[in-house]
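Okay, so here's the structure we're looking at.
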Amino acid sequence: MSAIFAERALLPEGWARNVRFEISADGVLAEIRPDANADGAERLGGAVLPGMPNLHSHAFQRAMAGLAEVAGNPNDSFWTWRELMYRMVARLSPEQIEVIACQLYIEMLKAGYTAVAEFHYVHHDLDGRSYADPAELSLRISRAASAAGIGLTLLPVLYSHAGFGGQPASEGQRRFINGSEAYLELLQRLRAPLEAAGHSLGLCFHSLRAVTPQQIATVLAAGHDDLPVHIHIAEQQKEVDDCQAWSGRRPLQWLYENVAVDQRWCLVHATHADPAEVAAMARSGAVAGLCLSTEANLGDGIFPATDFLAQGGRLGIGSDSHVSLSVVEELRWLEYGQRLRDRKRNRLYRDDQPMIGRTLYDAALAGGAQALGQPIGSLAVGRRADLLVLDGNDPYLASAEGDALLNRWLFAGGDRQVRDVMVAGRWVVRDGRHAGEERSARAFVQVLGELLD
């Protein structure tokens, strides 16, 4: 058992002073005592917050972040960006994927993300053939997460088709493609090694355009009822139009009419949800997986978060393509997008919580923990000891009390104010540095040179 002491910490019931945390040998919060003494405990140097879950990641895309910002096509969109992504995928080796993921996860930790849901769809070799171990690339992701020290929910993706109605996959998708049987075998292969590594597993459909209704039914009936379920949905208007041409229904409308969507589900993006779909999402308890920096980068649109939150909807944040790795930026732009859409200020709040920063942080913690299916998201007994410490010497934060501190950090601060980060009771970032960052950066630079020559 170890102990840490915070002069102020955000607990489920609110801010508390002089908080002593007792942490078990397996990294779980065993006892939490406000108004306690620091005898024998490690004193922390700033306000303590729960670590933030990142509910949507494509690790390999970090290697191409910033490379698609070149004008030339007046109709540039997600679909043209995707062609660049396919060219990157066509070159990646297993070793390169592991290096990229490790570097990414270290950067996430330094920003205050303490767990990630990896939406992993690169399964096969350069020719589209299965590796000798079909789980080769999935296990590379697991090893990278372990090396970095971040919590992981691995989401191996079922990806079978190029478009609605079972259209044949394209050449650029050859590394992604599995049938339902191979996918279920992959899930079974991954359970034991992920559990041994302390990681979690989830079900994942790439999108309604990449799987058939029968495949969804087959996977959901296969007995993995304990796992979260993720899917990309309604990210682009073209997807909505294509789904209507195929089925006569919008993507979310089709999903809710044909599948029992519940709290296990994370609906990634859901950008183009209409009012009826927003209401269905809120009623079901599913999490809206919002990736603000990526959605802006791709020109996707703005999710109706104000309406969704007002109906009790649950949401979380993800860095997706990793053009940004900032808890602050994702949450700030979640609010700012609604302001730009509505041309009004202070949009995302609860009747009992007028502080925007607190509303955003609480919502993303709860939604992220639900989407990852892990015991995280709050500083409570029985939860994993995932936390971050903000800079106690920063004048803006040191002068702010209670929820005003979150407003200061999220709307006027940045990642540099994250000083220390703990995952499962182990410090992975101290004074803004990760022990493996220099070694990882050298390997990452080498990989970038290989990919971009």
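Note that Cβ sites are derived from N, Cα and C of the backbone, with glycine treated the same way.
Owing to the predicted nature of the structure, the values given are computational and were not obtained by experimental measurement.
Among D307, D320, D342, D351, only D320 appears in Swiss-Prot as part of the Zn(2+) site alongside H56, H58, H232. The recorded positions close to H232 (Zn(2+) binding site), defined as a CA atom within 10 A of its CA, are H206, H269 out of Q61, R82, Y121, H206, H269. Taking Cα separation as the measure, H56 (Zn(2+) binding site) is nearest to H269 of the recorded positions Y121, H206, E235, H269. If you take the C-beta of D320 (Zn(2+) binding site) and look for same-chain residues 6 or more apart in sequence within under 8 angstroms, you find H56, S57, H58, Q61, C291, S293, T294, E295. Taking all protein chains in view, 20 other C-beta atoms sit within 10 angstroms of the C-beta of H206 (N-formimidoyl-L-glutamate binding site). Secondary structure at Y121 (N-formimidoyl-L-glutamate binding site), as computed by DSSP, is coil.
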